[in-house]
Amino acid sequence: MPPDLRMQPLPFPMMTLTSETKLDLEKAGVLVLGVEPSADSGESSDGKTTANCIAVSSLPESLAATVKNACSSGEVTGKPGELTSFATGNAQTPWIVLAGLGASDKRTRGSAIELGAAVVRSLASKPRQQITFALGDGVATENHDAVVAGAVSGCEGQHLYQREPSISVPEAIAFVGYSAESVSRGEKLGQSINHTRRLVNEPPSIMNPTGFAQYAEKIASDCGLTCEVWDEKKLEAENCRAILAVGRASTSPPRLVMLRHDGGGDEAPLVVVGKGVTFDSGGLSLKPSDGMVDMKCDMAGAATVVGVMNALAKLKVPRNVIGLCGLAENMVSGDSYKLGDVIETRSGKTIEILNTDAEGRVVLADTLDVAVQQKPQAIVDLATLTGACMVALGIDVAGLMTNNQALCDAVQSAAESECEPVWQLPMFSLYDDKVKSKVADIKNVGEGRWGGAITAAKFLENFVADVPWVHIDIAGPAFVDSPKPHRDAGATGVMVRSLVRWIENAS
């Protein structure tokens, strides 16, 4: 057995969140006020740029004067994402953050979640007892939960094993004028995003298939999901030969995690499937070091499934939903699966292996067949599947591919509502021949360099039977190299919000 390399990461970020009917300056701590560009030209008589503080009327006269002076100083514009912090000299409210909201017709759920996260991150350099958001009517009521979700997600980063953490979690955050329901929903969404990010950001020595399954079991126990874990013996009994082939070179054997949320009575379930390659060396088709350094993130699809299922359970969504995570570590040993191997999958279809670094689709072949066995209304899978999708769409956009346009439209609409950019790629039948094999039913890579994201989806289409299905390639947006004001580098938790919205709206 390998040595136990598990360490204790920083605790999962938890803080007290409250809904307040009115501003109490005696316990406000750091006060966050929303500002927008002035309704006129945005310039004062002396040519300085001006802004308008939306909730200034709720402040006592002396503090209101301080805020108005700042807004007319020329340093505050109210542009979206702009944060201006200053000491007030006021004993009750010693520190204020003016948060730019932008023009009212440009404010979205995306800007709301980024606002909440950016504010908290800007204050995270030292411990804070209390942060109070008093944004007035600067954020639409239907987006209040997004501000809260952002504030929560802003407390999580990739600094899990720093001896001196770069993010200090505030003890409490209050939201003035937000309903208790909005605060509760936002907290649950933010925590679910953070669970996804935590899973991806953990080192691969810890978040291997066994470690991932244990994390999922803990989540299920905490939020009331049913959890079933298939170990290697169960995988053998279920004829999951594709998952076993990918993972057999690793000392950490494969797993399949099934999470079940029963909220919809007798209706057929929706199934969300995630690729969970907890580390991808490329196998015998070995990646170079530069291509391997971030490959702990190759299980972001499965991590997203866990985040989505946690949110559904916490929000008590009235739907039946099953989350499936196919977990394997793609390593190198004398027992590695090889180029030229033919694998009989759980469905009975055979795969010719021409590249062991196209392993995610092989893992998904069996996992999707398990999904089909659940007799679902629809299947959505997520995977960091292809670099080709990043070449096609860039690193910020997820690719959608489908066998059912109505389902794809519903998923795309949900993503657009949550401001998570997606784009549909074609699934023309002319691509079918690209994955046909001369020695097996199909092969695990297409012909040549072209259309790689689509040929990967065409491979997966072989394993969904006639079930309505959408494949989401999140290779670009799931993991990023550089931080932004609203999030750390590393895992992003992309598509958790979008899939929760899709499931809530599913008819």
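Please read every residue number as a count from 1 along the shown chain.
From the backbone N, Cα and C atoms, a Cβ is placed for every residue, glycine too.
Annotated Mn(2+) 2-binding residues in Swiss-Prot are Lys275, Asp280, Asp298, and among Glu187, Glu202, Glu359 the one listed with them is Glu359. Counting only same-chain residues at least 6 apart in sequence, those with a Cβ under 8 Å from the Cβ of Lys275 (Mn(2+) 2 binding site) are Asp298, Met299, Gly301, Ala302, Gly326, Gly360, Val363, Leu364, Thr367, Asp381, Leu382, Ala383, Thr384, Leu385. Within 8 A of the CB centroid of the Mn(2+) 1 site residues Asp280, Asp357, Glu359, the other residues of that chain are Val246, Val277, Ser281, Gly282, Gly283, Ser285, Lys287, Asp298, Asn330, Thr356, Ala358, Gly360. Within 8 Å of the centroid defined by the CB atoms of Lys275, Asp280, Asp298, Glu359, the record's Mn(2+) 2 site, lie the Cβ atoms of Val246, Gly276, Val277, Met295, Met299, Ala328, Asn330, Gly360, Val363, Ala383, Thr384, excluding the listed residues themselves. Inclusion criterion for the recorded positions Asp280, Asp357, Glu359, Arg361: a C-alpha placed within 10 angstroms of the C-alpha of Lys287 (active site); this criterion is met by Asp280, Asp357.
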